[in-house]
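Reviewing the structure listed below.
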Amino acid sequence: IATIDCSDYPKPVCSLEYMPLCGSDSKTYSNKCNFCNAVVDSNGTLILSHFGKC
């Protein structure tokens, strides 16, 4: 199972770095920061499906 540490989030601004992650919502997030901010917003219901595009 792929895991990612989001303990340092949310962050007010994310970089434009492109390292796609696929969330359990079948949405592709452009990088860890965008994904982790979404995890925080989801109250932990969003998890990482896999690294790379969905």
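Glycine too: its Cβ is placed from the backbone N, Cα and C atoms.
Not measured: the values here are computed from a predicted model.
Here is what Swiss-Prot says about this protein:
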- 4-54: domain 'Kazal-like' (DOMAIN)
- Cys6-Cys36: disulfide bond (DISULFID)
- Cys14-Cys33: disulfide bond (DISULFID)
- Cys22-Cys54: disulfide bond (DISULFID)
- Asn43: N-linked glycosylation site (CARBOHYD)
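Positions of Swiss-Prot features highlighted on the structure.
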{"residue": "Cys6", "record": "disulfide bond", "DSSP (3 states)": "coil"}
{"residue": "Cys14", "record": "disulfide bond", "DSSP (3 states)": "coil"}
{"residue": "Cys22", "record": "disulfide bond", "DSSP (3 states)": "strand"}
{"residue": "Cys33", "record": "disulfide bond", "DSSP (3 states)": "helix"}
{"residue": "Asn43", "record": "N-linked glycosylation site", "DSSP (3 states)": "coil"}
{"residue": "Cys54", "record": "disulfide bond", "DSSP (3 states)": "coil"}
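All chains included, 17 other C-beta atoms sit within 10 angstroms of the C-beta of Cys14 (disulfide bond).
For the disulfide-bonded residues shown (Cys22, Cys33, Cys36, Cys54), fewest C-beta neighbours within 10 angstroms: Cys54. With respect to Cβ neighbours within 10 Å, the recorded positions Cys6, Asn43 differ, and Asn43 shows the lowest count. When the Cα atoms are compared, Cys33 (disulfide bond) and Cys6 (disulfide bond) turn out to be 8 Å apart.
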